[in-house]
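So that we are looking at the same thing, I have put the structure below in structure tokens.
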Amino acid sequence: MTFCRKTPNDVVEAHPSNIETAAQLENIQHFPSPSRPPSLEAVREGAVHHVAVVIERAHHGGGWLLSGIICINILILGCALVSASASNSVAITAVHQQIFLIILILLTMLWMLFYTVVTSRKDQAVLFKDSHAGPVWLRVGLVLFGLLSLLMDIFKIANYVGYLHCDSAVKVAFPVVQAVFLVVQTYFLWIHAKDCVQLHTNFTRCGLTLTLSTNLVVWMAAVTEESIHQTEIPDLNFTVSHKMYRASFGDKKCKCSHSVCDTFKEAYYYLYPFNIEYSLFASAMAYIMWKNVGRLVEDHSHHNVEFRPKDVCLGPLMGILLVVTGLVTFIVYEVYILEEEEEEKKRNMALLIHFIMNIVIVSLMSLSAMIGCIFYRLDRREHVSEKNPTRSLDMGLLVGASMGQFIISYFTIVAEVATGARGYLNALNLAWAVLTVLQLGLQNYFIIEGLHREPFHVMQEAALHTNAHAFQEHVEMSIVMETNKSSYFPTSSFVKPSWKRRVLKEVCAFLLLSNIILWIMPAFGARPQFDHPTEMQFYKFTMWAAIVNIGLPFGIFYRMHSVASLFEVYLIS
């Protein structure tokens, strides 16, 4: 396969056999002939502008509309089935939802097989690669979460096999199909995440939106099942049956045929957070591939930035201390909160410890993010202006996912202020909600500013090239450069960071570790929203459960996505 140099002036030479590019060349040949021959530079600029217009028009053809319609319909239907199977006890069951998911997964795997075997092997299929898409850390995270999700499916199979004599075989078939899907999709995204497809574009767009929709519906099903499992129905002077619990466990009259069902059941519920994150990682990567279909990118060599933990010290130490302390308090919370109802003193102590720990974490994070924002004001780096779908998606997900935590926090603030925030637990809960709102705003600003700044190593190389051209004007520069080559051309891997860079890296490292502990606690079962009764009594259980079970999954994803974004900011700082 022959690759061309993809600079703005050479974009018309992308590949003459490409259908879209051929159409662009044909249009270029019909430029009107002026009476006075234009300059070569004017012709080239006009040609490039015309090609850009034609490409943009082709880029937003019927395939985008059709794939968007497919995605919307699958998501709405999936959302309806997941909601119905969670709340309805007769007409729609978890089996119907799983049959729908099996069909989606099989169709998605068939398209991936077609793309891998047919489309990607054509000569003109993938002429360009998006260097920003599918970075190594994202693909490694996908593999790690995929392996843990695979383990979850194995536990599910072992559990549901014990119910085959009295329950549907679909409950065994679904984790089997999903396990195969995990392997196929992880391989597909690892190999093809950077592709900018130029062939079978409409079919590829539809296949990618099918992949995106499938992962999102799987995510919705997993979030719903995990939320129902974590949500305890309180006794608030009204009767609420446990029929919602049926979505996961089936009829209670159906008894397991082997003795380890309960063990497998508890084990795979602890793995749900990883499966939820895997689906979101895969959805993000599929979306970037969809955005890159038919895209002609410039040939910017991707700079490999070396990760050097020794550049920072204080941030990681404080972050690790917070993670360890947070894990200890989380374990204490889980132990105390499961005590019998008469042990109200222990439950209150658990809530007290949990609220104080979270207040300390978000306060330190707010202070760190504020310091980082101040140093951005002192920063001389330019803002990146090039089009980058990956960066746009990162920022959109960051802001969108934070809305979940914003919603919970503001509903808590309203409930606590309206009831007077009487007692130390209510006061701490109110303080936590207010500080969380502040921390989310500061952290979002810090991350978005960091992602928009020009990487330091790019600025160094630009300065070095400028200096090199200036030095070449002197006759004796060759001797000077030979003797001082290491001083004029240092690589970013060996340059000791300046004090401003070190501060930014320290802030990134601390915020990264702090977000990890704030992901662990709610992802693995901390639900103070249901253990502390103020909001439930103010909004009533049904409304408050809906608010938390919708907002909390987005808040959990926000923490994990913040970890990924902060790691990216750390590398370019």
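Even glycines carry a Cβ here, placed using N, Cα and C.
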Checking feature assignment: transmembrane segment per TrEMBL, candidates 311-333, 426-448. Which range matches?
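Range annotated as transmembrane segment by TrEMBL: 311-333.
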Can the transmembrane segment (353-376) be said to touch the transmembrane segment (397-418) if we require at least 3 CB pairs below 8 Å and skip pairs under 6 apart in sequence?
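Since fewer than 3 Cβ pairs under 8 Å link them, the transmembrane segment (353-376) and the transmembrane segment (397-418) do not come into contact.
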What residues elsewhere in the chain lie close to the transmembrane segment (397-418), defined as a C-beta under 8 angstroms and at least 6 residues from its ends?
284, 426, 429-430, 433-434, 436-437, 440, 444, 447-448, 529, 534-535, 538-539, 544, 547-548, 550-555, 557-558, 561-562, 565
Could you give the residue numbers and ranges of same-chain residues that sit at least 6 residues beyond the transmembrane segment (269-290) on either side and whose C-beta is under 8 angstroms from one of its C-beta atoms?
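That would be 67, 130, 133-134, 138, 141-142, 144-146, 148-149, 151-152, 155, 182, 185, 189, 192-193, 195, 197, 205, 208-209, 211-212, 215-216, 218-219, 222-223, 225-226, 229, 389-390, 393, 397, 519, 523-524, 553, 556-557, 560-561.
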